[in-house]
Amino acid sequence: MFRKRLPPEEERKVKANDREYNEKFQYASNCIVTSKYNIITFLPVNLFEQFQEVANTYFLFLLILQLIPQISSLSWFTTIVPLALVLSITAVKDATDDYFRHKSDNQVNNRESQVLIRGSLQNEKWMNVRVGDIIKLENNQFVAADVLLLSTSEPHGLCYIETAELDGETNMKVRQSISVTAELCDPNHLASFDGEVMCEPPNNKLDRFCGTLYWREKKYPLTNQNMLLRGCVLRNTEACYGLVIFAGPDTKLMQNSGRTKFKRTSIDRLMNTLVLWIFGFLVCMGGILAVGNAIWEKEVGFLFQSFLPWDPPVDNFLFSAFLSFWSYVIILNTVVPISLYVSVEVIRLGHSYFINWDQQMFCSQCNTAAEARTTTLNEELGQVEYIFSDKTGTLTQNIMTFNKCSINGQSYGELTGPLGIKPTRLNFTPLNPLADPNFCFYDEKLLESVKVGDPHTHEFFRLLSLCHTVMSEEKSEGELVYKAQSPDEGALVTAARNFGFVFRSRTPGTITTTEMGQTVTYSLLAILDFNNIRKRMSVIVRNPEGRIRLYCKGADTVLVERLQPCNQELISITSDHLNEYAADGLRTLALAYRDLSEEEWEAWSESHRFADKATDCREDRLAATYDKIEQEMLLLGATAIEDKLQEGVPETIALLSLANIKIWVLTGDKQETAVNIGYSCKMLTDDMTEVFIISGHTVQSVRHELRRARERMIALSRAREEGKGIEGWAEAGFVRNGCKEGQAGDGTADGGGEGARKPSQCPPIPSNLMDSISGEFALVISGHSLAHALEPDMEEEFLSTACACKAVICCRVTPLQKAQVVELIKKHKKAVTLAVGDGANDVSMIKSAHIGVGISGQEGIQAVLASDYSFAQFRFLQRLLLVHGRWSYLRMCRFLCYFFYKNFAFTMVHFWFGFFCGFSAQTVYDQFFITLYNIVYTSLPVLAMGMFDQDVPDQRSLEYPKLYEPGQLNLLFNKREFFICITQGIYTSVVLFFVPYAVLSDATQSNGVPLADYQSFAVTTATALVIVVSVQIALDTGFWTVFNHVFVWGSLGSFFTIMFALHSQTLFRNLPNQFHFVGSAQNTLLQPVVWLTIALATAICIVPVLAFRFLKLDLKPQLSDTVRYTQLVRQKRRKPAGRSMGGVWRGTGSVSEGRLGARGGSRRSGYAFAHQEGFGELITSGKNMRLSSLGLASFASRHSTGWIDTLRRKKNNPTPPGTSGENSPALSIVSGSVPPLSNSSSVLGGSQETPIEEEAVTAPAQNTDSDLAVCKQTSTSAVSEAATPQGSAQPNAAGVSTSIRGRPHVKDSSGGWAHSLGTVQESLFGWKGITTRARASNRAGSPSVAGETSHVV
Amino acid sequence: MGKEKSKSGPLARRPDNSAFKQQRLPAWTPMLTASTVLPSFYLLALICMLLGVWLLLTVQNTQEMKVDYTEAGSCNLCFEMRKNVSNAGQKCTCMIMFSIEKAFKGDVFIYYGLRNFHQNLRRYMDSRDDGQMLGRKSNLKSPSSYCKPFDVDEKGVPIAPCGAVANSMFNDSFILTYYTINGPTVVPLLRKGLTWYTDKNVKYRNPKMDNLTLPEVFEGTTRPPYWQKPVYQLDPFDPNNNGFINDDLLVWMREAAFPNFKKLYGFLYRANKPFTKGLPAGNYSVAISYNFPVQYFKGRKEVVLTTVSWFGGQNHFLPIAYLVTSGLILLTAVVLTVVWWKFGKDGKNMAD
């Protein structure tokens, strides 16, 4: 916009409350402009844009030519009318689009925001917010700009935000103001705040901010932890104040939203090339004819001058030839009529409507129909080769359900059988009034087992009710709501609740449960929190009887090593169960416990305290301490949680892979979760030869890993070819790699796969199709590795590895990386890419892919707004691509082929006539025929074909995904097809000229009047032309709906009607010079010889085409022909088809499951624990107790875990690499600042870095919370004295001591907050569909929506 | 999947379940199968064959005779004379003899033919004013600019009819003589009714007379430069055949599509013997008033006599084309049959 600042910003200086000072830097205002035009610029800009289209410029050029009388061989209106029409239609469309952009811009820009101006809060529109303003944000408000958090209503200057708009993560994140400003709570203080911020210039790195605050002669470092970015939503924080640092286009949100590019389809591009070619062709033809004209004028025309003198400017044959050249360019221009562009647009519009209208893409749950938001990309849907999919909300519903469990060697839970069998849902209410009515479980045995009081089962559920970091809220007696940090944890606690072990409430030191109706209070001694390396969490509790027990849940791989080896049998049975669950794509956890003696506990507690206080390597020491006590445990069982996929996802993915579409999952999620989903949606299967995991942190390691992966692939496939099914591959395939940073990953090979080992191109036995998707490779790459892999010198390497893989999963990727991956494929593969996602973090990817698809209804509408197509469920993608896309492509190709054909047939007749009319650019036809041919006589039948044609019905294209391939290979319309079309067109034109010429030149009417006059010839040729192209369209049309009939017959009818009308007396009398064909039609068409000529020409034109088509169909039938044929031949219609292909994808699931069961060899850990560490310590410290009623936020910052921070962290802190970075950037902090909240330990144990004086502010969480009054200076200072001792105390003790005081407050506040939370939930649920609502409330106790989605992206 | 839509719920935005919107319109899906294509090929071949044979037989019954008189016989003198533009005003007549071997039965039409005369040049065809020839007074006095340079003469007097087409009107005339044993008999020719009905009655009209004579109506205009007579004196015998509705003018104004063409001159008046059954065999001569110069453009002139059948004059191309087409279709059909029989997959390859 008004970016006239000369140098790019190098450093940003912002002074709070000082508009004059900030103004001199001319920072961008907060006004956002996404629209392209305004009223004044619309016409010139839009016309300029439109004339950038080759075609439009071409027609403009022709128009100018036609205005020169010496050249004009056609009337000017033959070009200007269509051109004006096209330009104005496009302009109207653009104007409408831009109007809506203006509207949405206005809506955003006019949002109200409270700005502190001269000491008082005033409502200002967003667009008037300036850099340097201090604005007040309230709960659930969008952040208006990138602001530096100054203070909040919450203790410690904390505030919670949801960043779904930015990165798609719906879990909450914590931001904290720096301590000095945290005290500035009321407007008066803030108004006098005059700190100056120096920081980096605007950039698009969401997880990085680097700046310094200068205030009162002191420097305070600022990090991303202190920033609230535009697009975030404030949650669970009553209010906060922030200083605007970046506004409008400088905000990270806007910097991240890629430019809106005008997308064109490959057919568009091809068409533009072809138009250029045709232009070249025109020039050639014009040249030939001009040379002809020169010769003719020299030889004949010169002599003929007595009858027809040369026009005054023409004085020699060369000049005449020059003019003739341009005249012919005008005449022959109809090879690419402008109606081509109009028709293409109309067809696309029609296809878009068909997408909008498709009932089978309507989601009844969300009452959302599919929507084609762009009308220009439809046929590209039929050519997609790569799909880039987001995970959360796209593949998954982001709902976790407790699905199965294994207790003491006994497996419970319904088998995931076919959906048809619907077992009855268990009713828990008789047993347990506190049960969550929405919880579903089908296996009665488990309930029985609980009822009879099986100790193992009881202990199992007791563990689930104790070992977690869930917060509960009890609005009224029995009405429990759980807020879990991750939805799967919520699912586990809810399961325990329903089976009679109800988690009721917690304090920092206690957990109260209701076990089989009895209230029991455990004292919570320690939470051994989860982190990514440990992959487990434990609690140590003392039960009312005083026994101390450690409960642990975690990944089976880590847990098994820590079990007492006594019961090997149980371990192996459970392990089998775990494998089974994992193979089903469930997320598994193993559960174990250990009894501790008082002495052991004391001893450990001491060492833990010691470790906790350690100043260096605290984390490692803690981990070591934890490790020490989590030993010798007894296995209880395992749980399996289903991360509910959206309906039909595995089928869709299988179908799409059968259609040879490669699917890449790009997710911000953790590797385990992503891999797990990969398995459950059958992208990854155990039949895969090998799954490579790339998670290196340096360029070298990534390069090395990629190379190794490639070498392995080559080695394996060679082994496969050599071995021809011999067991040799098996050893090679079983490269196991337990360790996380390992490269090779869990390579498993399939037990029954000998047959599948053959190269996928072998004989067409039905099972072969399956082999082509199984028995191949998969790649999992994490964000930080991807950052290296996307560097220019690594691109090729990455690409060659990734593209050799059947499935690619990129986890922990940033929005920008998503776009980069897409761009990479676009750049190197020349393939059509489709990106599908639902969150704001997918926007960049959606925008950069050829086709962007937004899933509506889950995370917001950002993705939908940026998308080209939107619908409610991932599974609709198959219909969009395989049915609509395929049809669109087919129709468009047929349309184009025919269109070029008909115009060459039409136009080239002039060329041949040139040789007989002295190359004088005389047209063969009446000029009205030339004008109307493309608009009226031949437009509708081909439009009808372009709209309605179907080669095979929609069910068939879903049954035979291979039908999709011609689109990907670009077979139906390419340069070769184009040449065939124009050759056919030229052949037709030859026939259409020479047959009438041969017949008519010597013919007479039966009354002796010669037929060789120009007008009769014109009428004959025109009629023959219209008939031939009508017959041709009739041949091309494969699906004769009533419209086709009406249009084909109607066009023929209209041709004759209009011709007779144009040749009528009435028109002639009025305009004799325009309608001088008067009477020709009736005189000519009454002659039998004319009709015989037309019939002959038609036969000669059509018969060869018919013969070729028949031969092609007979000798080299395409799959679609075959399908069509079988459709036609009713006999044995479905049987072979259904089995050979249709059955394949349906069978996929069961087959692989069956194999797994037989083999039982999958050692893939299904573990995926969605926690972020640090929550435990917040609980034990009681710090978040005020939040108990909200308690869902993930307190460890996920933000800091991007690859950049991880990299940075590595430099500072040489902890073992490879943990995918759930750790703290241990930054050295300048004194006077609050520790960043990126890490649990630092929040709790301020001892490490935080200066003592900070404790007063940071510690007394629960006290201040109770007052809902926002952050009163007095209360803070008052409490701060009392609270000092807790600061660095060891967690347990602190927890216990504060619990007594804290408790009543907790109750108080929960009520208050419940209200607001309810509103949040209400508003969040509001737009979810009914069913979603039902499902969500299913877990009423558990997470709020934000919580549910916490771990997945 | 996704079929359980019938359950209740807010389906307000559900698309209509109409066959059109769901793309399930009933449709006919033809396909090129052997059972449809092969028989139709044979049928087509048969039809073409029958048509060809019938046409051929018909054509055999027609007769045509062409006499090139450009420089034949005594016309070479006139030919030489017309080479010089200065002699344009001089009259020149010549005669050519020819004989008819076999009597022309039925209606006999006499044409003049021109070769290498390009009536189909763009500027030539445009060089006329249909408004003027429709009798519009305004156009009569100020002809369309398309007529340039034949719109006004050097003195600025408008030309009627204007334009290159009219100016170049063919102005030879023929007298056909039949030599019987009794001596020469002039073959009676009808010189009217040579044009399309629409041309004579719609397209060309004389300006409104209003009790004026034709010459008065055309007063203030001049004849085209190459003409010897003004437009209102074209037919000295029939005053109603003058002006813009003169048959010869109309015939000429209907431009030919190709450089070699023939135009109707007249037809045989069969009321009197010996011409009641057409032209009897024997010797004929044609006396030509040789006015039209063709040597400038290397053209040829000829007289054509033909009889016609129901589909017009003698035309060998059409029947032969039909027969050849029929043969080719038959050949194609046979090849297709063989291919289908031997190699055809006929949709049986579902395994692919």
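Indices start at 1 and increase along the chain as displayed.
Glycine is treated like the rest: Cβ placed from N, Cα and C.
Copied from TrEMBL, the annotated features are:
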BINDING   A:ASP390, A:LYS391, A:THR392, A:GLU489, A:PHE530, A:LYS553, A:ARG587, A:THR667, A:GLY668, A:ASP669, A:ARG812, A:LYS818, A:ASN841, A:ASP842  ATP binding site
BINDING   A:ASP390, A:THR392, A:ASP838, A:ASP842  Mg(2+) binding site
ACT_SITE  A:ASP390  active site, 4-aspartylphosphate intermediate
REGION    A:743-765  region 'Disordered'
COMPBIAS  A:744-754  compositional bias 'Gly residues'
DOMAIN    A:864-1117  domain 'P-type ATPase C-terminal'
REGION    A:1205-1250  region 'Disordered'
COMPBIAS  A:1230-1247  compositional bias 'Low complexity'
REGION    A:1279-1313  region 'Disordered'
Cα distance (Å, whole number) from A:PHE530 (ATP binding site) to A:ASP838 (Mg(2+) binding site): 29
A:THR392 (ATP binding site): tally of other CB atoms within 10 A of its CB: 30
Euclidean distance between Cα atoms of A:ASP842 (Mg(2+) binding site) and A:ARG812 (ATP binding site), Å: 13
Fewest other C-beta atoms within 10 angstroms, as judged across A:ASP390, A:ASP842, which are the binding-site residues: A:ASP390
Mean predicted confidence [pLDDT] for the domain 'P-type ATPase C-terminal' (A:864-1117): 91
Cβ neighbour count within 10 Å of A:ARG587 (ATP binding site): 26
Cα-Cα distance linking A:ASP842 (Mg(2+) binding site) and A:ARG587 (ATP binding site), given in Å to the nearest integer: 25
Neighbour tally for A:ASN841 (ATP binding site), based on other Cβ positions within 10 Å of its Cβ: 31
Spatial separation of A:ASP842 (Mg(2+) binding site) from A:THR392 (ATP binding site) - C-alpha basis, Å: 11
Per DSSP, three-state class assigned to A:ARG587 (ATP binding site): strand
Cα-Cα distance linking A:ASP842 (Mg(2+) binding site) and A:GLY668 (ATP binding site), given in Å to the nearest integer: 10
Cα distance (Å, whole number) from A:ASP842 (Mg(2+) binding site) to A:ASP390 (ATP binding site): 7
